[in-house]
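What TrEMBL says about this one:
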TRANSMEM  20-42  transmembrane segment
DOMAIN    21-83  domain 'V-ATPase proteolipid subunit C-like'
TRANSMEM  63-84  transmembrane segment
SITE      70  site 'Reversibly protonated during proton transport'
């Protein structure tokens, strides 16, 4: 009986530990999103520097690209919150 109690306690400890590790890995998706957003902004500034008259269209396209790049970071954050909520 003592062995079963220890095994159950270890299993619960292992399960919660894996959830914390998974949440930490999910948060790292923010790093990829930040790199992507930085690349989008850098290329937009470069394009505006070459063609200032098209700055309106470039800015709108940049904002759409920023939003698309940010979704991966948000999904990772939501997954991390879901893992920590268990």
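The backbone N, Cα and C atoms fix where each Cβ goes, glycine too.
On the 0 to 100 pLDDT scale, the model's mean across the domain 'V-ATPase proteolipid subunit C-like' (21-83) is 91. Taking the Cβ of residue 70 (site 'Reversibly protonated during proton transport') as reference, residues of its chain lying under 8 Å away and at least six apart in sequence are, in sequence order, 33, 37.
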